[in-house]
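In what follows, a structure is listed as structure tokens, so that the remarks can point back to it.
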């Protein structure tokens with residue numbers, strides 16, 4: 001019996017000609033492509049925070065979201081209602097996974113002990129729902145940024161008491177993620193950075209960040225948590241300069257501190273653009289370095305300089321993103337988590353469904369186009385030809401390590417005329433459009 005979303009029935013696939021806004025046009029979860037269903041390929045996940053806890057408040061105005069639990073006043077009653085609403089939502093939109101922060105699902109108490117007690121009550125409730133729901137936990141994480149105690153950071157705080165509290169909070173978050181069957185655990189350092197170097201010991205902060213992550217690895221082993229650890233890069237906001245700036249930055253950090261064997265990255269589209277990178281750039285860099293773990297599927301507004309967390313509807317973007325996932329061989333434990341929120345003016349409960357339908361359709365269509373691009377080898381063939389000079393002759397000597405500066409100088413002196421070929425960017429973009437518009 002519907003209790004929270006009475007106006008919405010189960011969302012079904014009706015095809016691209018459907019005029020029903022509450023139906024999938026391109027996402028058919030049961031459609032089989034290359035031996036796997038679309039549901040298995042895409043591994044969609046619902047973000048608990050944006051979907052069930054966000055209220056539309058911004059720095060200029062109060063809450064706008066109309067939610068069926070808004071009449072409640074007790075924080076625990078609200079938390080319980082959100083769990084009920086969440087699983088009704090998961091069922092109606094046929095979501096395979098969801099993700100959560102610890103403070104999304106249960107309110108903070110006056111003490112850490114009271115907060116953990118609140119978590120235990122809500123986690124027990126979620127476990128009961130998981131017994132009969134198809135929806136599972138993609139990943140869990142700890143909110144180490146909202147409370148004022150994290151004003152100077154969490155594991156990178158100048159205050160050792162905050163470091164200790166953060167460790168206790170992550171310890172509990174790891175325990176409940178394991179208890180709920182989470183397949184990954186994410187670290188996003190929203191406050192792990194600085195505003196000015198005039199008061200910052202960067203070396204100590206980075207060392208402490210690494211110590212913290214090693215402690216997490218050790219505790220995960222101790223409790224038998226076998227999920228994948230993920231770090232989510234973001235260059236700024238809320239901190240001016242965050243230590244997990246982009247994939248390359250994170251990878252250098254992990255390698256320096258001997259953490260690369262334990263961590264992969266969770267890449268968010270809007271974070272990539274804040275770092276002045278294409279989404280595909282971050283995915284490609286992670287893929288070729290073997291650290292692409294999971295994706296936060298959203299998009300930003302290119303005219304705004306902050307994290308807008310909009311639902312992804314650009315087919316070109318989703319195609320190029322899924323191109324990288326397919327080239328990787330698909331997701332293992334990761335997936336596509338909609339770290340996206342409806343706009344402040346899209347305040348009715350039904351808008352939650354409409355936003356997710358738009359995002360799921362966009363990635364389903366993008367996957368199909370990307371699959372055809374990979375299968376046809378469109379870009380691979382061109383790239384192989386473009387770099388053909390490294391297949392034999394002096395190029396082969398360079399790649400094999402046979403060449404050195406002396407031999408290369410000798411070659412250059414004997415071959416003074418260099419002939420380059422066109423990169424054909426415009427042609428390739430036209431081919432991409434051809435696939436986008438016809439597939």
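Please read every residue number as a count from 1 along the shown chain.
Glycine is no exception: its Cβ is also placed from the backbone N, Cα and C atoms.
What Swiss-Prot records for 101, 104 is active site. The Mg(2+) 1 binding site annotation in Swiss-Prot covers 232, 268, 296, 339. The annotation Mg(2+) 2 binding site is assigned in Swiss-Prot to 268, 271, 307, 309.
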Residue 309 (Mg(2+) 2 binding site): nearby recorded positions from 101, 232, 268, Cα cut-off 10 Å: 268
Fewest other Cβ within 10 angstroms of its own Cβ, chosen from the recorded positions 104, 232, 268, 307, 309: 307
101, 104, 271 filtered to the recorded positions whose C-alpha is within 10 Å of residue 232 (Mg(2+) 1 binding site): 271
Top Cα neighbour of residue 101 (active site) in the set of binding-site residues 268, 271, 296, 307, 339: 339
In three-state DSSP terms, the structure that residue 271 (Mg(2+) 2 binding site) belongs to: helix
Least surrounded among the recorded positions, given as 101, 271, when other CB atoms within 10 Å are counted: 101
Neighbouring C-beta atoms (10 Å sphere around the C-beta of residue 339 (Mg(2+) 1 binding site)): 25
Sorted by sequence, non-268, 271, 307, 309 residues with Cβ within 8 Å of centre, Mg(2+) 2: 234, 269, 270, 274, 296, 298, 300, 308, 339
Coarse DSSP state, helix versus strand versus coil, of residue 101 (active site): strand
Set of same-chain residues at least 6 away whose C-beta sits under 8 angstroms from residue 296 (Mg(2+) 1 binding site): 47, 232, 266, 267, 268, 269, 271, 337, 338, 339
Distance from residue 307 (Mg(2+) 2 binding site) back to residue 104 (active site), taken between C-alpha atoms, in Å: 19
Mapped DSSP class for residue 309 (Mg(2+) 2 binding site), helix or strand or coil: coil
